[in-house]
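K.L.:
Structure provided below as structure tokens; questions to follow.
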Amino acid sequence: MKRLLLLLALAWMAPAQALTADEAKAIALGESDARIEALNKAIATADDRTAAFLQALADDVVKVAGDKVFIVRDGKGADPVTGAAVDVPADAEDVVSNNRMRSELDGALAALQLFSPDAALRRRAVQSLQKEPDEARLPLIEKAYAAEKDAGIRDQLGLVRAAVLLGSSDKGKRLEAARLLGGSRNPATKPLLVERLREEPEAEVKAALAASLRQVDAALAWGDRLGALFSGVSLGSILLLVALGLAITYGLMGVINMAHGELMMIGAYATYVVQGVFRSWLPGHFDWYLVAAVPVSFAASAAVGAILERGVIRFLYGRPLETLLATWGISLMLMQLVRSVFGAQNVGVENPSWMSGGVVLLGNLQLPWNRIVIVGFAFAVLAGMAFLIARTRLGLFVRGVTQNRPIASCMGVNTARIDTYAFALGSGIAGLAGCALSQIGNVGPDLGQAYIVDSFMVVVLGGVGQLAGTVYAALGLGILNKFIEGWAGAVLAKIAVLVLIVVFIQKRPQGLFAVRGRSAEA
Amino acid sequence: MDRAPSIVAAAATPEPVVLPAARPLLTRAGWTAFLVALVTVCALAPVLNLVVPADSPFHMGEYAVALIARIMCYAICALAMDLIWGYTGILSLGHGLFFALGGYAMGMYLMRQIGRDGNYKSDLPDFMVFLDWKALPWHWTFSDSFVATCLLVVLVPAAVAFVFGFFAFRSRIKGVYFSIITQALTYAAMLLFFRNETGFGGNNGFTDFKRILGVPLQTPSMRMTLFVFTGLTLLGFFLLARWLVTAKFGRVLQAIRDAETRVMFSGYNPVGYKLAIWTLSAVMCGVAGALYVPQVGIINPGEMSPANSIEIAVWAAVGGRATLIGPIVGAFLVSGAKSWLTVSAPEYWLYFLGGLFIVVTLFLPDGLVGLARRLRLAGAAALEAKAP
């Protein structure tokens, strides 16, 4: 309604009056075909007054009396040509528009929006024009194309123009359009060319179309390949995040931690809580909540992990199968705990505004910011963990204890405390993974269950106790999964990957990077 | 992180080799208990359900029959788990898969038995009509024959287990690796069965069964027949398992569990033994699934969720591993508690189950049967101490 009022106001002030009384009459009265013809003629020389009139027609507020046309809004009549208030005769009749007329009106209004000062409106207008290219709109499109400043919209408009030309009855125009489209990097071009190729009678145009199609295909193929690669890396980085914590608790410490998924879930819920705190107390800095959530989710999961280690797990070292059962029990209790506190439904975690949108690299390749951020985050966590394990005193102790506990103990290391620290570290990293997952998926009590099989697969495939193996396995699985997904669909890809892992483990039970040693038992 | 005593320490105190004496299949008390169970299943339950009037306190209601029948199916799974985990030391997190495979094989037959009585009055099962399929997919070929179905119930889980086990045991995958791979296998199968185009009814699975062998499923006598049959199967499998573990075969299995490398050095090839018991265990689960489906009236891919397979392991752990009777007790106690708690206090069920896992692993490594044995030994020792 606001937009409409704006249009009306503009119409009031417009000095030039392209809409004439005859045009208004022709559009409002008579047979549909004639009205549509008049409509298309009118929009070629359209001004704001035309737009207001068409909007009125679309809103069913136009009346006619004899050969005079009125816009009647809120009981007040107005002359569509001058905009001046006039009295509407009592015997004025409503103008009725059938469905065909309506869709023409919508199209025409969309075309007129091509000149709107609002870029979003223009973009939408171009999109709706793209749906049904109409040669009658060509002059309008060309006018808009010449005037358009926004490169993205201009590209789209060019495409619409070419699409209209492709449908032209003039062979020369079709030929030109076919060649023009060959340079397009827009994925929408392809169906356009394919469709035209099917209908095209002229051999020469056909050849040009086929050549353009090949060009477009070649250009798009790279975008597709890179897109699949990126989504593979993105999936791989998520797998890496969910598996990194497990690489410590399972890989280094040998604890079959079935509650790993629930530690991630705790991280995700911690993020949710931080979001709530920012929303109520610091709404001005809402975008920064995620930065605050990172340490909080780490701390929350690490604290739970430390409690678990002290309370349950340390009694079970060296009994892997029992650990599996006990941690599974813990996972059930944590899940129920979250259900009791936050409810069984998923909770909403929002992306901060700086994570929405994406970077457009090619016509058909857009990288969403949240995925890019997660890839970066995964590698940052990896770097931090590698630093901690390889360069710090704590890392030295952890390595010492896991490699030779009695000797480490003899050297004065408090091995029990190191176990707790190491387990808390692994759990904290699971919390970080949960924080990242909250940005791309649902946060609910079942969040951990969805990733537990994946994370074990990654660690086992990488070779237990091998950090490098975990990295390669995560990225490899992610990319493999996405490429299989390209031709087999998501679920079949997942099944195929699981089967491949099972087969691979048969061949190399120690995983990608086996620990070399002399022990007869694995 | 191996905290087992070092080899040096073990070598320092050489122990005399004592060969375990051959044991009888069941002790006198064992036979008595078995007979009581047999009579209860075959005579007492049908009388209490069918003959005793409904207002009598001794009447066994439909709910109790259904519950006990269901738990007896679970007990078969727990027994199967005990053979492979308790006696052979291989923890499977994939037994839910075999259970579901047997269930699906039976479900396909039951779907065909619906005939033209479905919602769409078609020869094809309803979900196929819904998907606009014109003919049965190839893997439904034998689904109209009861004999073929019974064969499939045994052969499909056996084949899957054999192929998987062959590769896994040959490449010496064991311990936690084996557990996790079986979990992945089950998970993959679940994803597959959730698909509509694989012809297993997608996430709704099979339901709305009407009759078996032409006899309506919902009559009291049919329910009792299935109940008795399930009970006899459980008892039969128990005797079979008992026979296996008291024979030399069972002693090799336990040797594999305790020291596989030494078994190999002694000239045995563990692969064949593991494969045999693994396949048998899968078949038992498949049969349990086939008995479960007509009594519960539904089978869907949810049965393959990793949680279900782990629950089987919990029954065995709670009751006591390597005791055969323990897992059956565990299945009855845990499932009974589940059906009671999920009704009376649904929000506490997971706390209970989770707590049970932790308590059993921390404090009852031998399960309830082990606890009973320890108490009995302690009592005997106390008596001995009292006697002059």
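Just so you know, glycine gets a Cβ as well, placed from its N, Cα and C.
Nobody curates TrEMBL annotations by hand; they come from automatic prediction.
According to TrEMBL, the record shows the following:
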type	residues	note
TRANSMEM	B:30-52	transmembrane segment
TRANSMEM	B:64-87	transmembrane segment
TRANSMEM	B:93-111	transmembrane segment
TRANSMEM	B:146-169	transmembrane segment
TRANSMEM	B:176-194	transmembrane segment
TRANSMEM	B:224-245	transmembrane segment
TRANSMEM	B:271-292	transmembrane segment
TRANSMEM	B:312-336	transmembrane segment
TRANSMEM	B:348-365	transmembrane segment
K.L.:
May I ask whether the transmembrane segment (B:93-111) has at least three C-beta pairs under 8 Å with the transmembrane segment (B:176-194), counting pairs 6 or more apart in sequence?
P.N.:
yes
K.L.:
Hey, which bits of the same chain come close to the transmembrane segment (B:146-169), Cβ under 8 Å, at least six residues off its ends?
P.N.:
97-98, 101-102, 105-106, 108-109, 178, 181-182, 185, 212-213, 270-271, 274-275, 278-279, 281-283, 285-287, 289-290
K.L.:
Do the transmembrane segment (B:93-111) and the transmembrane segment (B:312-336) come close, with at least three CB pairs under 8 A (pairs 6 or more apart in sequence)?
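P.N.:
In this chain the transmembrane segment (B:93-111) contacts the transmembrane segment (B:312-336) - 3 or more Cβ pairs sit under 8 Å.
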K.L.:
Taking the transmembrane segment (B:64-87) as reference, which of B:30-52, B:224-245, B:271-292, B:312-336 has the most Cβ pairs under 8 angstroms?
P.N.:
B:312-336
K.L.:
To the transmembrane segment (B:271-292), which of B:30-52, B:224-245, B:312-336, B:348-365 is linked by the most Cβ pairs under 8 Å?
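P.N.:
Result: B:224-245.
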K.L.:
Give me the stretch from B:30-52, B:312-336, B:348-365 with the greatest number of Cβ pairs under 8 Å to the transmembrane segment (B:224-245).
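P.N.:
Answer, by Cβ pair count: B:30-52.
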K.L.:
When you scan the chain for residues with a C-beta under 8 Å from the transmembrane segment (B:312-336), skipping those not six or more beyond its ends, what do you find?
P.N.:
67, 70-71, 74-75, 77-79, 81-82, 85-87, 91-93, 95-96, 99, 234, 238, 241-242, 245, 254, 353, 356-357, 360-361, 364, 366-371
